[in-house]
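Colleague: Dropping the structure in here first, questions after.
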Amino acid sequence: MNSLPSEQNPTPESGAGAVGKPRAAVVIGGNRIPFARSGGSYAYSSNQDMLTAALDGLVARFGLQGDRIGEVAAGAVLKHSRDFNLTREAVLGSALAADTPAYDVQQACATGLETVIGLSNKIKLGQIESGIAGGVDSASDAPVAVSEGLRRVLLDFSRARTTSQKLAALRKLRPADLSPDAPSTAEPRTGLSMGEHQAITTARWNITRQAQDELSLASHVRMAEAYDRGFFDDLVTPFRGVSRDSNLRPDTSLSKLGSLKPVFGRNLADEATMTAGNSTPLTDGAAVVLLGSEEYARENNLPMLANVVDAEAAAVDFVHGKEGLLMAPVYAMPRLLQRNNMTFDDFDFFEIHEAFAGTVLASLAAWEDDDFCRKQLGLPGALGTVDRSKLNVNGSSLAAGHPFAATGARIVASLAKSLAEKGSGRGLISVCAAGGQGVVAILEAR
Amino acid sequence: MEQLLHAPPRLTALYAAALARSAKPGRSREAGSLRLPTDRHRLDGVTAVPEKVREFQHLMRSPQTAFLPSGYLHIVAFPVAVSVLARPDFPLPLLGMIHLRNEVQHLRPVPTDARLSVVAGVENLRPHRSGTQVDVVVEVEAAGVPVWTGRSTYLAKGIQASSTLSAPSTPAEPGRDEGLPAFPTGEWSLSADTGRRYAAVSGDYNPIHLGVPSARLLGMKRPIAHGMYLASRMVAEAGPGEDAGFRWTVEFRTPVPLPSKILLSAQVDRSDSAKWHGAEVVAWDPRRRRAHFVGRLEALG
Amino acid sequence: MADTYLKLVNAQPLDRVAKAAGLPRPVPLRRYVSGEPLVPGPVLVLGSSPGTQAVASILLEWNLDVRRHLRPKEKFGAAVVILDELRDPAQLSGAFLELGSVLRQLRPGGRVITISRPTAGATAPQTAAARHAVDGALRSLAKELRGGATANGILLGDDVQTDASGVGAALEFLLSGKSAYVDGQFITIGTSAGTQARRRSAPLAGRTAVVTGAARGIGAEIVRVLHRDGAHIIAVDVPAAGEQLAAVANGVGGTALQVDVTAPDAAGRILRHAATRYGSLDIMVHNAGITRDRLLANMDPARWNSVLAVNLESQLRINEELLASGDFSSAGSIVCLASTSGIAGNRGQTNYAASKAGVIGMVRATADALGGSARSINAVAPGFIETDMTAKIPFATREVARRLSSLQQGGLPVDVAEAVAFLASAGSAGVNGQVLRVCGQNLVGA
């Protein structure tokens, strides 16, 4: 099942729309390993281990052994410096052909979605026939850096040529330099953790504790149901003895969620509402998506679940509090809808990444807010209301957990399958990311 | 009168001398007897150490440009300022003076390798509800043109100036501050070595910032962050991102003990064309909700 | 899993001790290795019927050294005794006594194969007696042979002549190392269906096979052998076994399909996968099975029901849909895993034996229903096979179980897999409704 040679560039297909538009990029399927809470089952698995496992599961699902894929793009947010070529290394360790090119992408929590968009665009342009997009993250096996002081001493030492230069370098070492720097989820420019940032947004939009807990409960219940009916049978391949996301709590309830103490926003003037129950935990995991042209899929008798229609990225100025850190998708959305001449009514599924329940609810509230949409989004009025029955129908990150770079591929594969099951309609994806960024995308059933 | 210094004053020596002097009893501290020296000290040919500038920029998380940051110019000028405060005829004790306020006008960009002249003097001795305050005025010139001026206000606690001086106009007793912003825009995690790292860059080894034992020497339970460290970070964070053409002030309300985490609100005023007009900054203790410092930055002209 | 005893008695100094003490002396069995001769020496063809020449022709076509007589002390690799025209018990003596006179010249790993007709087809008592006498003689001979040699029989339906393609297929299987652990058994060729017997290196080339329970043990070995024989593999197992399943699929360039065979939509998903990815399904191997052993007095409903559901009911349900589906090839073969427990019973296994005996019943009834079509269904009944499962049997019990067979050792998963592969290919050559025991002629259940 080799990729078609690029000279076989086909004529545009009807699926791509009107004449002159590029051909379609198709989601063929996906695979991920179950996500595990950090420090748990995958505590001793590296990013490369997990990404390789996700790739091998995908290869097994679609019979890609020894195939040369057009390109594999993936990334990790928390990455060791030794993993500079993480994706390529994972490809080399996988059952794919060794002559499959690969590259790393990093756009924080939007990494996975961005790889899907990038490879889809290459497919649409005819540069590649097939691609594997994805991401991986380990908060357990995260890189621990030496302190800035020790790092400088070591670098100076390595540059020193004479003994006296080396000794001079070492003399600069202070005892405090020996304690390591652990990674943190704090935004580099503000020093505030993502949770503290969201706590501000949550409070600004007056999102209640009750509403957040209800959203979290729905996520767990829906994901547990989806597992029970086998929805994930062809989306997840077990890893290290884990066959379901370890964060999933099928038996949780509003009263259990309500009993948790707030963990973010405790320093704010307003009442703190964000708990470990309505925030995603640090998670380990990997996810990948197989993309291809229609020709590639047909040639290799592969399923075609959905088309990748379009995508839009946005960023907000969060540094001095002008906008919430995780509100960028709110800005990307109207631009995407406008370009495609669509409204929320044109969609059957909404996949809004649940970094925190407050993120989803603040986004929904913002799109419904006439004043905000006029002033901040430059719209004539409110963007619209998302039908909650179409939102995250198979659960999302609050239930599955959120290995940063892997989430995009998890969402794309799940949504594509939902669209294929329904047989018609469209799905909208919204993923917020660190650095005040956000990416939204449209998938369409075939 | 301007007194020309022939060599850069060494801060450590000045501190040591001051420490020795403060240990001697019997110096007159009576109200009404306080008079400031009118001499200003001048030092020419001052240059920055490029390596230290880089370290300063790194410490403040500001970009490495070919120009001296506002806060670093304070460091360049500081030994000359201290040499005035260490004069035998300066009526207040150098060590233990509390930094209350700073006002800086950064007029022109100063290349890292510029040869500078620094002129420093003291003025405006006045009462404060808990002692006496004084302004240290510093001017930095390059090729005879002023590039940077600073006015630092210090408090000598427990020393009452003459009641004939101007009436006190000092901030209210620090307490739980209801006027704090509702939401922070940032958090600073200040590690225990913050004071030592700033000292290593600035050369200002004031014991009150360095560690627990040295802070205890001056009657503090824990070391406190250097005011100019806080101010420099504030400028780096909320400033215009340009090398000159702005004014900034900072008022220190309560000391920042080390280590600690403090919250910060920086409201930056930018026009639609993204031009920087200024910023208001407040930093506070999240648990006690008490302000540590309040700052304001403005574009000049 | 290692049979330490087998290794010890085949090495100095314990080999002599074992011989002197009359201890069981199992030898490593002759197993199929690609490229090695089909038989370890000349093939002696005994018989006087016209059909004898047809058999000799088949063997000659395979470039074997075929003899009607042996020189004194000449070693030989196999004897084929043609008894297709037996009418009277008196006709037995000639062939059997001649065979007996040269039996000491049979090489280790040698084969004796009788070709006769089933008792059931005979109406005359004398004919029936003669035909059934072969059964007793052959089974006894199998117990006399040493050195890993085996004796098995081929039974020809009354309309089937010795040149039928099924005879060639059965001969090849029984002569080769593929039947290493098949001993004292009969294979019935019911019809003359199929094309001329021709040895092919990839008898299953171009065919698509589903193997359930493929993640490990016997299932994984079936996958390997079917792939060796040229089949495309769809490896099926429960979602929880997905990690191993992916590795198995990746090892053979197949596809992994995570589905619980007890799920109501299991057949649909298997058929859809086969149809989309491979065009159709040709071979269905029902290998998935579980044990939940308890004495009946201690049996609980969960143990009973789960064993029946996985081992039997799933096969019934899937077969029903398979045989009704156009996506199951018109020449499709079904191979079911039964067990000698289902034939002879086993203490503590009322549930398991019920399920496996049920499989045998199902196979026979389904085979009858398939009569006249090119589809077939057969079963393999393994005896004591060295797997992770049998490794858990207490040491003493395991040792006894191993030595209870004529070959005085347990079989290997590959032995079962070879039998499955044989039935999968011979199914199109008149082998239908058979239960082939792979048990080393275990005393249990005779």
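For all residues, glycine too, the Cβ spot is worked out from N, Cα and C.
For A:1-12, the entry in TrEMBL reads compositional bias 'Polar residues'. Under the heading region 'Disordered', TrEMBL lists A:1-20. Positions annotated as domain 'Thiolase N-terminal' by TrEMBL: A:26-295. If you look up TrEMBL, you'll see A:Cys109 marked as active site, acyl-thioester intermediate. Under the heading domain 'Thiolase C-terminal', TrEMBL lists A:304-444.
Help me understand the surroundings of these features in the structure.
Modeller: Averaged across the domain 'Thiolase N-terminal' (A:26-295), pLDDT for the predicted model comes to 93.
Around A:Cys109 (active site, acyl-thioester intermediate), the same-chain residues at least 6 positions away in sequence with a Cβ under 8 Å from its Cβ are A:Val77, A:His353, A:Ala355, A:His402, A:Phe404, A:Ala405, A:Thr407, A:Gly408, A:Val431, A:Cys432, A:Ala433, A:Ala434. DSSP gives A:Cys109 (active site, acyl-thioester intermediate) a strand state.
Counting residues of the domain 'Thiolase C-terminal' (A:304-444) by DSSP class, helix then strand then coil, yields 59 helix, 33 strand, 49 coil.
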